[in-house]
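What Swiss-Prot records for this protein:
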- 22-44: region 'Disordered' (REGION)
- 139-298: domain 'C2 1' (DOMAIN)
- Asp174, Asp180, Asp258, Asp260: Ca(2+) 1 binding site (BINDING)
- 193-214: region 'Disordered' (REGION)
- 973-1099: domain 'C2 2' (DOMAIN)
- Leu1003, Asp1004, Asp1068, Asp1070, Asp1076: Ca(2+) 3 binding site (BINDING)
- Asp1004, Asp1010, Asp1068, Asp1070: Ca(2+) 2 binding site (BINDING)
- Asp1070, Ser1073, Asp1076: Ca(2+) 4 binding site (BINDING)
Amino acid sequence: MSTLLDIKSSVLRQVQVCPSFRRKTEQEPEVTNSQEPPTGAWKPGDGVEFFAHMRLILKKGDGRQGLPCPEVLLRSGSPAPAEPVDPNRGLRTLTQEEVEMLYEEALYTVLHRAGTMGPDQVDDEEVLLSYLQQVFGTSSEEHMEAIMRVKKAKAPTYALKVSVMRAKNLLAKDPNGFSDPYCMLGILPASSAPQEPSGQKEQRFGFRKGSKRSSPLPAKCIQVTEVKNSTLNPVWKEHFLFEIDDVNTDQLHLDIWDHDDDVSLAEACRKLNEVIGLKGMTRYFKQIVKSARANGTAGPTEDHTDDFLGCLNIPIREVPVAGADRWFKLEPRSSASRVQGDCHLVLKLITTQRDTVMSQRGRSGFLSYLLLLSRVLRFEHRVEEPNSSSWRGELSGPGTTVLCLHGAQSNLSPLQLAVLHWQVSSRHHQTRTLDYGYLLGLLEDVQAHWEEAASLPQEQEESLADSFSAFSEFGLRLLRQLRDYFPATNSTAVYRLELLLKCLEKLQLFQPAFEICPFETELSMDIAAALKRGNREWYDQLLNTKSPREQPGPQRLAGLVELADIIYEDLQLCYGVYASLFHGILKVDFFTLTFRQLERLVAEEAWVLTEELSPKMNLEVASGLFELYLTLADTQRFWSCIPGRESRSLALAGIHTPFLPAVKLWLQVLRDQAKWRLQGAVDVDTLEPVDAASKHSSSAATASLCLSHIQELWVRLAWPDPSQAQGLGTQLSQDMCEASLFYTELLRKKVDTQPGAAGEAVSEQLCVVLNNVELVRRASGQALRGLAWSEGASGLEGVLPRPLLSCIQALDEDLHREAHTVTAHLTSKMVADIRKYIQHISLSPDSIQNDEAVAPLLKYLDEKLALLNDALVKENLNRVLEALWELLLQAILQALSANRDVSADFYGRFHFTLEALVSFFHAEGQGLPLENLRDGSYKRLQEELRLHKCSTRECIEQFYLDKLKQRSLEQNRFGRLTVRCHYEAAEQRLAVEVLHAADLLPLDANGLSDPFVIVELGPPHLFPLVRSQRTQVKARTLHPVYDELFHFSVPAEACRRRGACVLFTVMDHDWLSTNDFAGEAALGLGGISGIARPHVGGGMRPGQPITLHLRRPRAQVRSALRMLEGRTSREAQEFVKKLKELEKCMEADL
């Protein structure tokens, strides 16, 4: 047995997996022109060039949706543009004498260096001297002569600056668990250093000695700090200065004591600062010691009044050149002493007298350091980074060492050093560009040290203020030309701008710190003024370049379009890049400032130009104005899309008004150009798929692209006036509908002139055309929905305007109709084959199996659907399936009508065929839905097959059942009949009372009728002995009242049979001819009072009337009649004869 019955159409199963179609709107396949269209006006009627120009307009607007992101705008990491430099803005040029004096100062610093070098410093004297020779550019002879002069000069006088800051974790000496510490400190000459005889206990020097010590105290100018009561972590922050005789041998000695007596050595030592000279100080100190001992209670051999807490011995030569700022661990006087804790000291070795010309002439160390740093910085920049603007001032080892030595010897504070490096570097930056990060770091150093020291000599503060003013003036000049020196698309330049703004921010922070303010006004106001001036200069230059005012209006228009585009792009950059920098750093609203200024300027130009060009309106002018308006509208919307900002107060508000005539003219041309474009696309279309992945041809892609471009253009247009937008949108939607229908008409004409290949059952060209129609239907629907315009305050958000919705629905219906027409044309080529296979099933002998009879049809359908699946998109495949399904049902119905008096196997075979086709077309859910398959003609065919299998009486019963079903479906068109019916069980009779009728059809010429009612029971074989009865005729009325009662002697069981009913037929009595049929109604007997069983509901009370709607027999009622017509039995023929007579009456009425 064949297995074709199990075929579920593998083709149909794949339908759900395949995409409907793939729109290729990136480019039009048939357009291969690689050249961009000219920027001038397009030629009238040249659709390709027009839409190419429109694509450029749309492409220009692609980047204008929403607010820009900085990461999108920053596109280049190339070096930043070079900033302007001016050699005259640096420090003044020194005279030759001043250079020689500075050279001598630097050599003197190196030759008389003292202290310990750091790990990054150079301790080689020859290297340092050679470095200075290179910095000053002297010859070897001049260099040696200068060295000899410096060596003959007196050595400098050294001094040690000591800051006793704090101590921690000291030993507790008092009963309360604390101590009352104070410090005694002084300089120990080399001759006073303690000697340690071999074999004796280790003994360190101390400012106190036991009773056995008789030598004078060796310390010079002993200083003492205040006593800090009850603490183990004292804080002093006291500063002292000690002269140094020999930096190589002298030591700093410091003792920490616990103060216990009212009169102690500490109090006496405070007066030692008044003693001048070591000899006098020693004698005085000895007297103080004796006095303290005499007043104490301890014995001569006991410890002294103040308890020892620790000491420090620091050789002067070990003090770093840059100074020391650290914690020192306290040491005991001897190995037997018990001490703990640390002491924080700040040490710096300086010179107090220098035998140099600059010192002799009163030039301060501040000035000499400034000049030396400037010299070194210029030399290092020239050597290290001759052509770079990213140099961060990294000095070489010798350069750092020389400056460190000079700064320390000149006793410059950290604040002074920070100020000097800023002054020199900021001035040098204006002559040769440095890295702004380096300058920002210098400002941060100044700020940090300023907060600590908070003061400078007035002269130095004024010098710092001058450097701030010079740098701010330089920065403002750069900000005026912001777009030139810091282009927003260059990430390197933007980063330099960010650092420059941070430098200016630091300058702002210094304003309240100066007694003499370096700025006449607030720096932020100066910055805003510089930005405004820069905006105006940039705009004027751009206007003179792109659209000079002396040119005629039409020539200026193209330039103004370009200018407006540049301004929009500039505003994007301002918002996406510059705005956050200026607002976040300086609190300057750069974007608002720039937008309002540029928007006002470009609006003024646009108003003037539109007034000039309005009388000269033509296609070229309209094109230019249309493009100009789009950019201006984008500019206005760009402002309004920023939260909290409205565009009503802008100069561009209302700018759409003068552009309306140009926009209308341009949209009119768009309609004509669209048709030309579609015509050209269809002319060159070969009605073949674009590629293997697509099922539509090139013209459909072009049509879809055109519709999409029109919709995108409308979105770009976004006309602000609701009433005007409705008119423009309505016209544009009608133009799009017209273009879509125009395209389908062109396709139909092309198919008519290019028929498919001879003998081809399924035309590939028709499949492509069908796919084209579907693609355009979807594209047009999507494009039209995108045309939704605002209806003002009365419009609902998200609801399409009514005119647009009507247009969309009408076009969709038209394109659906066109698709069904093409589908019918496509399936008509299969009609002959389908009829042949249906006839094969009809003529198959009863001896073969049903599936064998159906096999050829299923195989044919499977092959054709495989071809259709490859050629059609899913939507069109479904259309073809539906058409084929209807075609098959009609073919089977025709086969059934053509065969009479056939065997039951014949109808069984077609019943099998119908179910096999349902399974085939459903394809396990991948094909047509079952509810669609089992509807319409399927029901009619299934009923035909069922009736053909029924007996004559079953067909008659079905006839009456159909009448009963018809009652509830018919509307009140033919009037109403009210009756009352019940069964009298005692007499075994049925009582039927005809009460009255209403709203009957007027069947006579006078507009009335002469109605009477025929009452009969059916089906006849259930009531063979019962004759029909009739009421009296009621003349000239449409609302007769009968009130007549009829009895029918019938058993109750007969009334309960299937199809048992009372049939009321209303006739119009005609005296001269055949009576006319007015309507009929049927009432089932199974539910009337006396017949209905208790579980059915108890029936109806005898007195309850029933109103029946009159109707005429419908098609499903006549199907049973047609079935009976083919029967040859007497019962069937008599029944049909009776009904035929009734139908004649009905036809006469029509």
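Glycine residues also receive a Cβ, built from the backbone N, Cα and C atoms like all the rest.
Features per Swiss-Prot, on structure.
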residue : record                : DSSP (3 states)
Asp174  : Ca(2+) 1 binding site : coil
Asp258  : Ca(2+) 1 binding site : strand
Leu1003 : Ca(2+) 3 binding site : coil
Asp1010 : Ca(2+) 2 binding site : coil
Asp1068 : Ca(2+) 3 binding site : strand
Ser1073 : Ca(2+) 4 binding site : coil
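Summarising model confidence by region, the domain 'C2 1' (139-298) averages a pLDDT of 72. The number of other CB atoms found within 10 A of the CB of Asp1076 (Ca(2+) 3 binding site), across every protein chain shown, is 20. If you take the Cα of Asp1070 (Ca(2+) 3 binding site) and the Cα of Asp1010 (Ca(2+) 2 binding site), they are about 8 angstrom apart, rounded to a whole number. Within 10 Å of Asp1010 (Ca(2+) 2 binding site), counting CA to CA, the binding-site residues Asp174, Asp260, Leu1003, Ser1073 contribute Leu1003. By neighbour count, meaning other C-beta atoms within 10 Å, the densest spot among the binding-site residues Asp174, Asp1010 is Asp1010. In the structure as shown, the Cβ atom of Asp258 (Ca(2+) 1 binding site) sits within 10 Å of 21 other Cβ atoms. Using a 10 Å Cβ-Cβ cutoff, Leu1003 (Ca(2+) 3 binding site) registers 21 neighbours.
Close to the recorded Ca(2+) 2 site, the chain also has Leu1003, Ser1009, Pro1011, His1069, Trp1071, Asn1075, Asp1076: residues not among Asp1004, Asp1010, Asp1068, Asp1070 whose Cβ is within 8 Å of the site's Cβ mean position.
Across the domain 'C2 2' (973-1099), DSSP classifies residues as 10 helix, 55 strand, 62 coil. The separation of Ser1073 (Ca(2+) 4 binding site) from Asp180 (Ca(2+) 1 binding site), Cα to Cα, is 147 Å.
In this structure the alpha carbons, written CA, of Asp1004 (Ca(2+) 3 binding site) and Ser1073 (Ca(2+) 4 binding site) are 12 Å apart. Cβ neighbour count for Asp1070 (Ca(2+) 3 binding site): 15 (other Cβ atoms within 10 Å of its Cβ, all protein chains included). Ser1073 (Ca(2+) 4 binding site) sits 151 Å from Asp258 (Ca(2+) 1 binding site), taking the C-alpha atoms as the reference points. Comparing Cα positions, Asp1076 (Ca(2+) 3 binding site) lies closest to Asp174 out of the binding-site residues Asp174, Asp258, Asp260. The distance from the Cα of Asp174 (Ca(2+) 1 binding site) to the Cα of Leu1003 (Ca(2+) 3 binding site) comes to 137 Å. Asp260 (Ca(2+) 1 binding site) sits 142 Å from Leu1003 (Ca(2+) 3 binding site), counting Cα to Cα. For the pair Leu1003 (Ca(2+) 3 binding site) and Asp258 (Ca(2+) 1 binding site), the C-alpha distance works out to 139 angstrom.
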